[in-house]
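Chemist: Summarising the annotation, TrEMBL assigns domain 'Dihydrodipicolinate reductase N-terminal' to 3-100. The NAD(+) binding site annotation in TrEMBL covers GLY8, SER9, ALA10, GLY11, ARG12, MET13, GLY74, THR75, THR76, THR98, GLY99, ASN100, THR101. Here TrEMBL flags 104-240 as domain 'Dihydrodipicolinate reductase C-terminal'. The annotation active site, proton donor/acceptor is assigned in TrEMBL to HIS131. The feature (S)-2,3,4,5-tetrahydrodipicolinate binding site is assigned by TrEMBL to HIS132, GLY141, THR142. The active site, proton donor annotation in TrEMBL covers LYS135.
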Amino acid sequence: MTAIGIYGSAGRMGRAITDQIEQAGATFAGGCEAGDDPSLIARAADVLVDFSAPAALEAHLVAARDAGTPIVVGTTGLGATQHAMIDAAAADIAVLQTGNTSLGVSLLGILVREAAARLGTDWDVEITEMHHRHKVDAPSGTAIQLGEAVARGRGTTLAEIRVDGRAGLVGARTEGTLGFGSLRGGSVIGDHSVIFASEGERLELSHRADDRSLFAKGAVRAALWLANRAPGRYRMDDVLGL
Ligand SMILES: NC(=O)C1=CN([C@@H]2O[C@H](COP(=O)(O)OP(=O)(O)OC[C@H]3O[C@@H](n4cnc5c(N)ncnc54)[C@H](OP(=O)(O)O)[C@@H]3O)[C@@H](O)[C@H]2O)C=CC1
Ligand SMILES: O=C(O)C1=N[C@H](C(=O)O)C[C@H](O)C1
């Protein structure tokens, strides 16, 4: 049986993942919280999952790499530095990084890329997301991933087109840009909409998560898939065969 270790095990996702491990036919290799030695579970586990915090990721990747243990990175709020760390670790171990472990969001990414490729830049694109009041990063990892899908469809990069947090006298919209809107409140698990707006019509592609166990099941599925993979950087699309 595959033994799964969890970084951020006491958090909302960590607890939800722990609940899913047994019924997926795997075992729990142990958890790790801030202040614990990350190398202990890296050596005990066949595969690791990280749902902790961006500032913690480097130590977790170092521990995974030293132990030769594959790792699923579900933590969001990552910047260029963390992505470079993931790329470096992926030279030696299998690393799967995703802002969303659900099947629906992976498929949504494909539909969004296709829509962006087929609709001209006279169709404005905006992405909205809503999450629970405890979420600390914005835009969500999923929203950024969907923004990257728009950019790929348009043959550009997200950095080239993104507009964050409009406020005040910002002027009229610049053609070809992509705006993000983030809402926070209550216990919302995770809602995302990609809105294509043209003169006189709008196309909205949306995903709503009803239960956090959805992400936990996806994380365990990704971990089991990753456990014996060759070194490299993988995506949820690889797991799902999309
Ligand atoms: N990819 C996906 O599908 C999903 C990704 N997420 C992402 O997962 C992450 C966690 O979310 P969530 O569970 O809701 O958040 P929580 O705040 O509930 O959990 C995070 C956990 O990580 C712990 N932690 C913080 N720093 C460290 C550290 N240095 N070493 C080990 N553990 C640490 C926290 O401990 P403490 O409380 O003591 O700080 C806490 O227990 C977020 O980035 C979120 O956006 C969430 C859902 C789905
Ligand atoms: O913090 C959360 O809860 C979630 N985070 C992920 C993200 O940032 O996209 C995925 C999901 O929407 C829930």
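Keep in mind that glycine also has a Cβ here, set from the backbone N, Cα and C atoms.
I'd like these features described in context: how deep, what's nearby, how far apart.
Modeler: Across the domain 'Dihydrodipicolinate reductase N-terminal' (3-100), the prediction's mean pLDDT works out to 98.
The Cβ neighbour count for GLY8 (NAD(+) binding site), using a 10 Å radius over every protein chain in view, is 23.
According to its DSSP assignment, HIS131 (active site, proton donor/acceptor) is in a strand.
Within 10 Å of the C-beta of THR142 ((S)-2,3,4,5-tetrahydrodipicolinate binding site) we count 25 further C-beta atoms, all protein chains included.
LYS135 (active site, proton donor): 18 other CB atoms within 10 A of its CB, across all protein chains.
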Chemist: Any of the binding-site residues GLY8, THR101, THR142 with a C-beta atom under 6 A from ligand 2? Give them in order, or none.
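Modeler: Within range of ligand 2: THR142.
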Chemist: Kindly point out which of the recorded positions HIS131, HIS132, THR142 have a C-beta less than 6 Å from some atom of ligand 1.
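Modeler: Passing the 6 Å Cβ check against ligand 1: none.
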Chemist: If I take the Cα of THR142 ((S)-2,3,4,5-tetrahydrodipicolinate binding site) as reference, which of the binding-site residues GLY8, GLY74, GLY99 has the closest Cα?
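Modeler: Answer for the nearest of the binding-site residues: GLY99.
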Chemist: Based on DSSP, name the secondary structure state of GLY74 (NAD(+) binding site): helix, strand or coil.
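Modeler: The three-state answer is coil.
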